[in-house]
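A short worksheet on the structure shown next.
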Amino acid sequence: CFGLIISIEDISAVRAGRQSEGLRKYTDELLEGRCFSIIFKGRRKDLDLIASSDEEAKQWVTSLEKIMSNLNNLNCQQSFFSWIFNCLRKADKNCDSQLSLEELKDFLHQINIELDDLYAEDLFRQCDKSKSGYLSEEEIKTFYNLLTRRQEIDEIYAEYAKTTGFMSAENLLDFLIKEQKEEATLADANRLIDQYERDDKAKEKQLMTKDGFLMYLQMFEGLVLNPTHKAVHQDMNQPLNHYFISSSHNTYLMEDQLTGPSSTKAYIRALVKGCRCVELDCWDGSDEEPVIYHGHTLTSKILFRDAIKTIKDYAFKTSDYPVILSLENHCSVEQQKVMAKHMSSILGSALITTPLEDQMPTEFPSPEALKGRFLVKCKRLNKLEVYFTREAAAVNDDTLTEEEDEEEDEEQQKAKKCKKLKIAKELSDMVIYCKSVPFNGFQDAKDNLAFYEMASVKEGKAIQLAEESANCYIRHNVDKLSRIYPAGLRTDSSNFNPVPLWNAGCQIVALNVQTPCPNMDLNQGRFLVNGKTGYILKPAYMRDQMSEFDPITLTRGPWLQHKTLHIMIISAQQLPKVNQKKTSVVDALVKVEIHGVPADTAEKETVHIVDNGFNPMWNENFQFDVHVPALALVRFVVEDYNYAFDNELIGQFTLPFTSLQLGKLVASLCHLPVYRWVSS
C-alpha cells in the first residue's frame, strides 16, 4: 500500500475509458467503463487507473473535471489569494496558525522576495501588535496588506477617484475614454461597477472601490488581447488556401526524431492546441496492420488504426474547422488498402472522398464548407477531373514520396529507383483537394499543376525562395497550397522561424509542436485569435493574383499602414521561480519583441530588478515603428537575469499586432507584466 499526492494544478486533463496505449494493450475491452487516465502537464508520465466499478470511475472523472474547472475559472485575484494561502501554509512549519520571524522569512522566499534581514525584522515588528514574537491571524492580514499594496495602481486610482475618495461611474467613464481608449458610455461604466465591485454599500451608490477597480483590471476587459478576437471574427468562407493553417510535423512523436516515443497522445496534444494539419508516417506493420513511426530510426511504433481513432475523437474539441491528414506513405499496396479501410470505417461520412461541387471546381472549398470534415493529403493516381469526365483509367504514379525527394541526394535517389512506391486505388481515391506532387519551380506549377496539387518543401529551400522570390511565392500561394517542414538535421525536434514563410504566403508551416521554444511561441501567437480555429485569413494583398507585395523590398502599396507602438512597462506580480533552490530569488526583466517583415523586426528590454519576483517595478517606455501591422506579432517575454549564462524564461505571451487593444492598462497578465500601450 502506498500514498500518492497529486496537485490538481499539475493535471492537464482526465480521460475516461481505455484511451492510453498502456490501457489498450494490457486491459480487456470489458474494462472500458472502469478505466481512466490522468494526464499531467509538462513531461511527467501520465497515470492510468482502473476503478472497482464503472460508477466509481465515472465519479472520479466527473469530480476531478469539476475541481479542475473551478480552479481554471478563478480570476487573477482569486488565484493570487489561493497561491498566497498555500505559501503561508507551507511556511507554517509547526502548523500552529502563527508565523515566527524565521517562518516569515521562509514565506518571503517562497513568494520570490529577497529582503534585508533588518528590513524583514522591522516589517515583522510593525505587524506584531501583541509583542508575542509571532504573527497571529489578524496580524498576518496586516502583514499581507503591507506586502500586497500596489503603489502603481494606487496612483492611477487616486487620479480618477474624485468622488469622496471613490470612483463614480462618471470617473470610471473618464478613465475608460482617456486611458483605455474605449468608445464607452456611462451605461458601460455602470455595468462594470455592477459586475466587479465587491462592496455592496459602494455598489448601491454606483461607486467603485480600489479593490473593485483592481478586479476589473484583472478580468478580460482589461487584458491586452482584444476580447472580440477570442471568438471567430474573420470571414471563413474564402477558399481554404487563403488562410494560414496551424500545422504539425511528425505529429506522432513525443520527443526527439531518433529515439523518442511515438504516441497517440501526441495527436491529442496537437489537436487540442488547434493544429488543423497533422502528419502520419505510415509503414508496413506485422499482422497486416500499418504502423506509424519515424522510419529507419529507433522511435517506437503505434498502430495507424489507433492514430485515426484518436484523431477522430479529438479533431474537433478545440476547433470545428477541417483537419488535413498529411500521409507520408511508405506502405505496400496491400497495407495501403488497410489504411483506406480504417479511414473509411472510423471517420465515416466526415471523410471527404468526392468533390463537394457538382462540376469540376476551380478553387478550394472554404473552411466553413468543410466544417467537421477530414481531408487526405497524399499521392493520387490520376487527376481530379475523372470524377466529371468518367475517364477513370488510372495512370500509375510510381514515384517516391515528396519528402524523400527533398531529403535524399541524387545518389540516394538513384539507389532507390528499384524501390519506387505504388499507390493503391482505394487510398488514391480518398485524395481530393490535397494531391501531393513534387515542386519544380513556380513557372512549372503555374503551367502544369491544378489548384489541388500541392508540394511539400524543406525549410532551407523554402526560406531561400521566400528571401529571393517572395512575390512569386505569394502569387503561387494565391492559387495553391504550400507545406513547409523542418530539415532532417533537426533530430532534436527543434523548430525554424515560421514568420518568413508566412510573409511569403505559405499556409501549412509545419512545426514540431512537442518542443516549446520562441518559434513555437510565435506559432501559438499567430493562431491564438479567431476562436483558436487553426485558420487565420491572410491579408487581402496576399490573396490577390496580381499582388505586388514583397516583404523584403517593401514597395508602396496597401500593405503599408504605418503604426507607432508606445509601450510603458510598469510592473509585474508574483513571478514564479525558475531556479527552485531555496535561496534563489528572481532578478526580473521584460523584453518586448516585434516579429514580422524584416523592416518591422525589433527587440527592446528593461533593466533587471534584483531579488524581486513578487512585485518588481520598471516604469520604462519603449517605442516601435510597425509598417506592415497585418503580418506583425508582438511577443512579451519575462526572464530571470543571469550575468554568467543565458537568462532563464519565466513566461511569455505572443499575439498578433492587430489584436492588441488600444491604450490598455493591464493589471495582470496571469503573472506577466503590467504595461500600457498606444498606437497611432
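A Cβ is built for glycine as well, from the same backbone N, Cα and C atoms used for every other residue.
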* Ranges 179-206, 403-430: which does TrEMBL label coiled coil? -> 179-206
* Structure fact -> Here the Cα-Cα span from Asp587 (Ca(2+) 4 binding site) to Glu328 (Ca(2+) 3 binding site), rounded to a whole number of angstrom, reaches 47
* Asked: Would you say which of the binding-site residues Glu279, Asp281, Glu328, Asp587 has the most Cβ atoms within 10 Å of its own Cβ?
  -> Glu279
* To do: Go ahead and report the DSSP secondary structure tallies for the domain 'EF-hand' (115-150): helix first, then strand, then coil.
  => 23 helix, 1 strand, 12 coil
* Structure fact -> Those binding-site residues from Asn250, Glu279, Asp281, Glu328 that fall inside 10 A of Arg483 (substrate binding site) by CA distance are none
* **Long-range Cβ neighbours of the coiled coil (179-206) (under 8 Å; 6 or more residues past either end)** => 156, 166, 168-170, 172-173, 212-213, 215-216, 219, 221, 661-665, 676, 678
* Counting across all protein chains shown, how many other Cβ atoms sit within 10 Å of the Cβ of Lys377 (substrate binding site)? -> 24
